[in-house]
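These notes are about the structure you will find just below.
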Amino acid sequence: MTTYFIADLHLNEHQPGITDLFLQFMSEKAPLAEAVYILGDFFDFWIGDDENSPLIEQVKQAIQNVTQQGIPCYFICGNRDFLLGKRFAKETGLILLPDYHKIDLYGHSTLLCHGDTLCTDDVTYQRFRQKVHQKWRQTLFLLLPLRLRLHIAQKIRAKSRQDKRTKPAEIMDVNPQFTAQIAEQYQIEWLIHGHTHKQAVHSCQKFATSDRLFTRIVLGDWGKTASILAVDKQGFQFNLERE
Ligand SMILES: O=C(CCCCNC(=O)Nc1ccc(S(=O)(=O)N2CCN(c3cc(Cl)cc(C(F)(F)F)c3)CC2)cc1)NO
Ligand SMILES: [Mn+2]
């Protein structure tokens, strides 16, 4: 039996090819899985569970088909789809997980997260994140009419694109010291996350002094190809070597 991990599909209306890759994964691989974990930035943006579109309907149906077969599908929100909530989960059978979630993965103590919380050097982003994760702000935002939320979202996305162009690349990667501290705190061997779009397997030191290591597995973003991490009792592998 295999457990799958995917993240950073950034599903949106303008990239139907990625949606097709997801639908293919959910009809060919997921039904044979022990579990499926979606580790955030699943949608390119998300302004509330009341939003609807053919894309959202199609994706909901695909998830529901799998969860109704008794295959658990878990979701950790990303920096783009942190407003995906209980209603979406109820409609699809998705199980929402907190920002950090520890599991036993075939005998390996493993921590799952999206990865944006590990990018502590990006102070302006962390400030933005802290604000929009405040419950009262989310409640207020979700009370706004959908059209107004869409308008605000477009503005913020444009600003994000601008920031991404101007920020030095290294601050948008995980902070090694903070990541090691999290690994130590949760007492884990494996850390699986997405967000940086840099598919890789890193062997990291828990602390500068100690020789204790942990393995950091980074999921890639989806584009022409999917990035799917498959784990079973023999170990783990990515579906495709990146071109
Ligand atoms: O890699 C890096 C950097 C990576 C880039 C980080 N940037 C990034 O994620 N940007 C971003 C994420 C989500 C969207 S959105 O369109 O989905 N949407 C916007 C409006 N959202 C909102 C919510 C609340 Cl509660 C309150 C408000 C308020 F108050 F502003 F109205 C707005 C809900 C979500 C738009 C852009 N660093 O390491
Ligand atoms: Mn992300």
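Using N, Cα and C of the backbone, Cβ positions are placed for all residues, glycine too.
Note that TrEMBL annotation is computational and uncurated.
Now, the feature entries from TrEMBL:
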DOMAIN    1-198  domain 'Calcineurin-like phosphoesterase'
BINDING   ASP8, HIS10, ASP41, HIS197  Mn(2+) 1 binding site
BINDING   ASP41, ASN79, HIS114, HIS195  Mn(2+) 2 binding site
BINDING   ASN79, ARG80, ASP122, SER160, LYS164, LYS167, HIS195  substrate binding site
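This view paints the features noted in TrEMBL onto the structure.
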residue	record	DSSP (3 states)
ASP8	Mn(2+) 1 binding site	coil
ASP41	Mn(2+) 1 binding site	coil
ASN79	Mn(2+) 2 binding site	coil
HIS114	Mn(2+) 2 binding site	coil
SER160	substrate binding site	helix
LYS167	substrate binding site	coil
HIS195	Mn(2+) 2 binding site	coil
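Taking HIS10, ASP41, SER160, LYS164, HIS197 as the candidate binding-site residues, the subset whose CB lies under 6 angstroms from any atom of ligand 2 consists of ASP41. Excluding ASP41, ASN79, HIS114, HIS195 themselves, the residues of that chain whose CB lies within 8 A of the CB mean position for the Mn(2+) 2 site are, in sequence, ALA7, ASP8, LEU39, GLY40, CYS77, GLY78, ARG80, GLY115, ASP116, GLY194. The Mn(2+) 1 site is defined by ASP8, HIS10, ASP41, HIS197, and by the 8 Å test on Cβ atoms against their centroid, the other residues of the chain that qualify are ALA7, LEU9, GLY40, GLY78, ARG80, GLY194, HIS195, ASP221, TRP222. Take the Cα of HIS114 (Mn(2+) 2 binding site) and measure to each of the binding-site residues ASP41, ARG80, LYS164, LYS167: the nearest one is ASP41. Between the CA atoms of LYS167 (substrate binding site) and ASN79 (Mn(2+) 2 binding site) there is a gap of 17 Å, rounded to the nearest whole number. Residues within less than 8 Å, Cβ to Cβ, of HIS10 (Mn(2+) 1 binding site) and separated from it by at least 6 positions along the same chain comprise ILE18, ASP41, PHE42, PHE43, ASP44, ARG80, ASP221, TRP222. Each of the binding-site residues LYS167, HIS197 was ranked by the number of other C-beta atoms within 10 Å, and first place falls to HIS197. ASN79, ASP122, SER160 are the binding-site residues among HIS10, ASN79, ASP122, SER160, LYS167 whose C-beta comes within less than 6 Å of an atom of ligand 1, given in sequence order. Taking the C-alpha positions, the distance from ASP8 (Mn(2+) 1 binding site) to HIS195 (Mn(2+) 2 binding site) comes to 6 Å.
A mean pLDDT of 96 is what the model gives for the domain 'Calcineurin-like phosphoesterase' (1-198). The sparsest Cβ neighbourhood within 10 Å, among the listed binding-site residues (ASP8, ASP41, ASP122), is found at ASP122. For the binding-site residues ASN79, HIS195, HIS197, a Cα to Cα distance of within 10 angstroms from ASP122 (substrate binding site) holds for none. Rounded to the nearest whole angstrom, the C-alpha distance between HIS195 (Mn(2+) 2 binding site) and SER160 (substrate binding site) is 14.
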